[in-house]
Amino acid sequence: FVSYQVEILDWKTKKQLCFLDKVEPNATIREIRLMFHKIYPWWYPARQSIKLDPKGNSLRDEEILQHLPVGTTATLYFKDLGPQIGWSTVFLIEYTGPLFIYFLFYFRMPFVYGLDERFTSSPHPVVNLACICHSFHYIKRLIETIFVHRFSHGTMPLRNIVKNCFYYWGFAAWLAYYINHPLYTPPSYGKKQINFAVIMFLLCEAGNFSIHVALSDLQRNGSKTRKIPYPTKNPFTWLFFFVSCPNYTYEVGTWISFTIMTQCVPVGLFTLLYFIQMTVWAKDKHCTYLREFKDYPSFRMPIIPFLL
C-alpha cells in the first residue's frame with residue numbers, strides 16, 4: 001500500500017509541530033492524535049483539535065485519513081483546546097450542587113433567614129411539595145448521568161465548569177430563597193393549581209427520561225455514529241414525530257409546571273431563560289440533523305411542534 005506523510009502545523013502560526021512518516025492510509029484521526037500525543041505528552045488527545053483548515057471544524061476521531069480530501073502528503077492543523085474535563089463529571093458536579101443548596105433554604109438554616117420566631121414557623125404544604133419535586137428532578141438527572149447518558153463528545157473545556165456551576169447553583173439558591181421564605185405566598189388557585197402542576201411535572205419528567213433512554217439506545221455497544229432518532233412503542237417518545245429535541249421540550253415543560261406549582265417570579269424568570277437556551281441548542285441540533293441526513297423528516301421543528 002501507499003503510505004501517507006502527515007504534516008501537523010499550528011493553526012495560528014502555521015509553524016510545523018511534527019512530521020509523521022509512513023502513516024497507514026486507513027489510520028483514523030484518533031490514531032493520529034495518539035501519535036501526536038507521543039511527541040507532545042502534555043497535549044493529550046482530548047485537548048487536541050485536528051483540522052483540515054485552520055478556521056474549519058475539528059475532524060472526528062473515526063474519520064479515516066485516506067477518505068479525507070488530502071494527497072499522500074497531508075497537511076493538518078492543530079489547536080490546543082486547553083485542559084479538559086469529562087462530561088459525566090461535569091454533569092455530576094452541576095447537578096449535585098442545586099440538590100444540596102436547595103436544602104439549605106428548605107431547612108431554614110439560621111444564617112439564611114435569621115432566628116426570629118416567625119422564621120421558624122412550619123411551611124405551607126406546597127413548599128414541601130416543591131422541595132420533593134426539585135430534589136426528584138436533580139436526583140433523576142444524576143441517575144441518568146451515571147446509567148443512561150452516552151456522550152458523543154467525551155470532554156469539555158475545564159474553564160466552562162465555573163460558568164455552568166454559577167448558572168445552576170446560583171439559580172437554585174435564588175429559587176430556593178423565595179420558595180422557602182417564611183413570607184412566601186402560596187398559589188392563588190390553591191390545590192387545583194398545585195395538583196395540575198404536579199401532574200404536568202410528573203408527565204414531563206417521565207417524557208424526558210423516556211427520550212433520554214431512546215437516545216441512549218441509538219448508541220449501543222459504544223457506537224458514536226449519529227443516527228436519526230425515531231419514536232418507539234413508548235408513547236412519550238411519539239413527540240419525535242413533531243420535534244427534533246423532545247427531551248428539551250419536556251425539560252422546559254418540567255420548569256413551566258414548577259413555575260405554576262410555586263407561582264414564584266424567580267422560577268418564572270429561570271424558566272424563560274432556560275427556554276431560550278434550550279431553543280438555541282435545539283435549533284443547532286436540528287440544523288445538524290438536516291445537514292447530515294438527506295432523508296431527515298422535513299415536518300419536524302426544533303423544540304415546539306408546528307411553531308419553533
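Residue numbering: from 1, along the chain as shown.
Even glycines carry a Cβ here, placed using N, Cα and C.
Bear in mind that TrEMBL entries carry predicted annotations, made automatically and left uncurated.
The annotation domain 'TECR-like N-terminal' is assigned in TrEMBL to 5-80. The residues of the domain 'TECR-like N-terminal' (5-80), classed with DSSP into helix (H, G, I), strand (E, B) and coil, number 17 helix, 29 strand, 30 coil.
Sequence-distant contacts of the transmembrane segment (85-107), counting only residues of its own chain at least 6 positions beyond either end whose CB sits under 8 Å from a CB of the stretch, comprise 127, 131, 134-135, 138-139, 141-142, 145-146, 149, 151, 153-158, 160-161, 164-165, 168-169, 171-173, 175-177, 179-180. Annotated transmembrane segment per TrEMBL: 85-107 (among others), in sequence order.
What TrEMBL records for 155-308 is domain '3-oxo-5-alpha-steroid 4-dehydrogenase C-terminal'.
TrEMBL lists 166-184 (among others) with the feature transmembrane segment.
The transmembrane segment annotation in TrEMBL covers 196-215 (among others).
Annotation comment: TrEMBL describes 235-250 (among others) as transmembrane segment.
Sequence annotations record features per position, and here TrEMBL assigns transmembrane segment to 256-276 (among others).
Mean model confidence for the domain '3-oxo-5-alpha-steroid 4-dehydrogenase C-terminal' (155-308) is a pLDDT of 93.
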